[in-house]
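Chemist: Reproduced below are the annotations present in TrEMBL:
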type	residues	note
SIGNAL	1-18	signal peptide
DOMAIN	591-856	domain 'G-protein coupled receptors family 3 profile'
TRANSMEM	591-617	transmembrane segment
TRANSMEM	629-649	transmembrane segment
TRANSMEM	661-682	transmembrane segment
TRANSMEM	703-724	transmembrane segment
TRANSMEM	749-772	transmembrane segment
TRANSMEM	784-804	transmembrane segment
TRANSMEM	810-834	transmembrane segment
REGION	934-953	region 'Disordered'
COMPBIAS	939-953	compositional bias 'Acidic residues'
Amino acid sequence: MRRNVGYFVVIIHSVVLASLHKDPGVVYVGKYGNYTWPRHDLQAEIPGEIILGALHMVHERSDNKICGPIMPQGGIQALECMMYSLDRINEGDFLPGFSIGVLSKDDCDRDIYGLEQAVDFIRGSVANVGGSEVYKCDDESDPIVQLPVIPGVIGAPSSVTSIQVATLLKLFEIPQISFFSTSSVLSSRDRYPYFLRTIPSDVNQAQAMVEIVRMLNWTYVSVVYEESSYGIQGFNELEKLLKEANICIATTEKLTKDSGVAGQDTYDDIVDKLKLKPNARGVIIFGSDQEVGELMEAVKRRNATGMFTWIGSDGWGGRGLAYHGKEEQVEGAITTQPLAYEVKGFKNYFLKLKPGSNHRNPWFIEYWEQQFKCKYPGSPWTPYNENFIKDCTGNESFDLDTFDMEAQLQFVSDAVLAFAYAIKNMHQTLCPNTEGLCDAMNPIDGEKLKKFLLEVQFKGLSGDDFQFLPNGDGPARYRILNFHQKDKGVYEWSTVGYFKNGNLTEMQNLTYRLDEPMHPPSVCSHPCGPGEATQLVEGDSCCWTCMKCHTYQYMPSKSECVTCPMGTIPIADKSYCQPIPQKFLDYDDALSFSAMIVATLGLAATSTIMITFLRYSATPIVKASGRELSFVLLVGIFLCYSMTFILVSKPTEVSCGAQKFGIGLCFSIVYSAILTKTNRIYRIFKAGKRTTKRPKFISPKSQLVICGSLVAVQNAVGIVWVLLRPPKVISYYANRDDHQLVCNDAVEAWYMVGFTYPIFLIIVCTFFAFLTRNIPEAFNESKHIGLTMYTTCIIWLAFVPIFFSTADEIDIRIATMSFAISLSATVALACMFAPKSYIIIFHSERNVRQSLMAAKPVMSGPVVQNNYRATKCNIRIDTDSKSYQGSDMELTHRLRTSGSCNSLCSRSTNLTQANGISISTQTLNFPVRLKYENREPEQDQGEETEQDQDVQL
């Protein structure tokens, strides 16, 4: 050791001394004598100027014997491949003037035992650090045999052993290249700075296995992994990748390895637990061949053959220990295997080896005995050959049909060649133009050697190019193997695809069983159908029942149904909610169009009548109908028809405000004017029964003030309503399929706030119309008013129930309201103005004072003279000093009370003494002819008096 290792010398010295006194093994009493097992002293050697260390799992692991039987493929074949590669390197002039040798030990696939064996690799380094003082003979002299300094180590095959060995070797800066260790832990440059490998990391292998599961459309699998660094780290990667792929793990089971060798009961329990999850037919096994072979035996014992499909790691895929004698149980397995090609020439080399000539491999005879089930003459006894009856001849031959060659020997060969190319490049750099080793390479600096190792690039004996990844791992390439029946009873491993650059490629000819080619599904619950949510089964996060979402629910995730917000409905696949198209009255709607036609006709009729009244405003019939209130009434009717266009328009804040204010205003104008008319008539004739004094506030101006005051009440209501409840446009949902755009007051009965006062006016008007129903026929406008109000009441009695019954159909409610308003306006227009307009336009001859007064034949009575002695009265009515201009006008009244002219004259208290006798028309109780004499032209011809309005109401 050359840097910073002085403080390790004492510790390592103790380890080395302990290793010098290794337990020679257990002495067994056999059938044919005693023997020691295992034999720690056995080692395979090839001499050379540079000696590499090597660890191979020549024997299987055994719980009670430490080392079990020979491991044929990953053990003996890997060892012979290493020596074969060294032979090829040392042939010719590849290395200038020196050769590379090896010192190989057996780790029996056990980490602690392998660590003890690896101590032999650091003895030379310890001696080099401490000098000859470390090792002394009993007489204090230096030993004759000098321990070689091992510059690099090939192996170990097992990840758990490699971790132990790498921890030791880094103290002495000895690079280590493993050919089978795949644990992801070993990729850490901080913890294992001198560890490299020619095989890819388990991170990539786990990704390949998950891609296979995804390809098979499995969503529910069990995982079995061995209790070692290889298995645990592999499982950790699997668990993470499976979760990312949304693949559930049904159960996880451990295969005992580091803690010992499990018995049959342990494996039987694992199979029984797998059977508890019958839907998880896919099982991922991340383990080694020996443990997997025991698991398959348990599958046979527990009658679980054919129940599961295996997805395997490279630790057992294609290895005889896992499937020999268990073909039916393994059938259909899909395993990953680092992509490796056959080492050219090695198979022929291996098949020609004989126990009598292969002296450099001390375990080859044991391998031969195990392969041919015979005892080789002169070989030492072992726990495994003492049961063989026949003797080996040494000339037995392999059956090529059943012979299995390890498929990953390329990684062994590449590990050897990596050291060879690195040492050659190092020699060219440090010892240029020099044959043999120079002082710069004696001994070899491990740090420098690691640098050259990471930079090597070469074409291996397999013909494949090789280069380490920056972290020291091998390139991530895998072959996908499938174990299946080629013919009845003939099984084989075949390549069915590859995994490169994170993707499966060239996948084909995948077979499960001869009678069932397709691999069975491995799902706990089948995916729910469209519109169905998964409801997890309690206690198992991977299984669920399907819950159908109802019509108005969508699925924000696979496991929940959420009701769509009002105004939206889910799309067909229920992935999200889409808005329901808004429904509202607009000008292009059929209902709106119908309402607007009615309103347009009403506006045209109202405009025509208004123009007619304006044009003939000075005529008697217009004057007699109360010209000012008539125009107010026409304006109200015009507004009623106009409201239709506001009501059926698309709701906006402006239109909503106009609706709130307008529906009450237009009606209040109409019925305020009608109420003013009926109230005036009522007051006049009621006062005539009690007194001759003329009632107050019956002049046109007074009538306009009264009407305006009544309208002002509605305006106040509208203003307060708008202020307390501002108009808004809202979405209204009568049901889950409905989405109406409406004004906020169209919902419920808020519009009745605007109708309350007009309804009150209608009721009062109807009341007065009823009271004035028996006014003489000459006053026929009272009957027209009565007809108007009775019809209006019928309309509104029908409208109110319709209004409340259409609470869910706002468009129908608004359209009905439009028709009701237009119909009410039409009734008022027809009853109040149609007869007058008919006379004005078609019978102008009746539009005179005499016509208005002669509704009934005139009955002549006695003429009353000024001295009250005659029966004929020449009476001049003087009202407030105003008289009529023009010819005499006659008015015929039919009153209900009886009396005489004398009583009339005597009862009159409203007579004037100016230019004749004046009486009150309200006190007449019999037919009388009134003569108005035109004696004082006191007013213009166009001015209207109260008498003009009293003539024809």
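Quick reminder: no glycine exception, Cβ is built from N, Cα and C everywhere.
Curation plays no part in TrEMBL annotations; they are all automatic predictions.
Locate each feature and note its surroundings.
Modeler: This prediction places the mean pLDDT of the domain 'G-protein coupled receptors family 3 profile' (591-856) at 79.
Here the transmembrane segment (591-617) has long-range neighbours at 585, 623, 627, 630-631, 634, 637-638, 640-642, 644-645, 647-648, 811-812, 815, 818-819, 822, 825-826, 829, 833, 837, 840-841, 847, meaning same-chain residues at least 6 beyond its ends whose C-beta is under 8 angstroms from one of its own.
Beyond its flanks by at least six residues, the transmembrane segment (629-649) meets 585-587, 589, 591-592, 595-596, 598-600, 602-603, 606-607, 609-610, 613, 622, 655, 658-659, 662-663, 665-674, 676-677, 700, 703-704, 707, 814-815, 817-818, 821-822, 824-825, 828-829, 832-833 of its own chain at Cβ-Cβ distances under 8 Å.
Under 8 Å from some Cβ of the transmembrane segment (661-682) lie the Cβ atoms of residues 626, 629-630, 632-633, 635-637, 639-640, 642-643, 646-647, 698, 703, 706-708, 710-711, 713-715, 717-719, 722, 751, 753-755, 757-758, 761-762, 764-765, 768-769, 771-772, 775, 779, 781-782, 785, 788-789, 817, 821, 824-825, 828, 832, 953, all in the same chain and six or more residues away from its ends.
Nonlocal intrachain contacts for the transmembrane segment (749-772), taken as residues 6+ away from its ends with a CB within less than 8 angstroms of a stretch CB, comprise 659-661, 663-664, 667-668, 671-672, 674-675, 678-679, 681-682, 685, 710, 713-714, 717-718, 721, 725, 782, 785-786, 788-790, 792-793, 796, 803-804, 817.
Cβ atoms under 8 Å from those of the transmembrane segment (784-804) belong to residues 674, 677-678, 749, 751-752, 759, 762, 765-766, 769-770, 772-773, 813, 816-817, 820, 823-824, 827-828, 831-832, 835 of the same chain, restricted to positions at least 6 beyond its ends.
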Chemist: So which residues does the transmembrane segment (703-724) touch in its own chain, when a touch means Cβ under 8 Å and the partner is 6 or more beyond its ends?
Modeler: 626, 628-629, 632, 657, 660-661, 664-665, 667-669, 672-673, 675-677, 679-680, 697, 753-754, 756-758, 761
Chemist: Which residues, given as numbers and ranges, are at least 6 beyond the ends of the transmembrane segment (810-834) yet have a Cβ under 8 Å from it?
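Modeler: Sequence-distant neighbours of the transmembrane segment (810-834): 583-585, 589, 591-592, 594-595, 598-599, 602, 605-606, 609, 613, 630, 633-634, 636-637, 640-641, 643-644, 647-648, 663, 666-667, 670, 674, 732, 734, 740, 742, 746-747, 751, 781, 784-785, 787-788, 791-792, 795-796, 799, 802-803.
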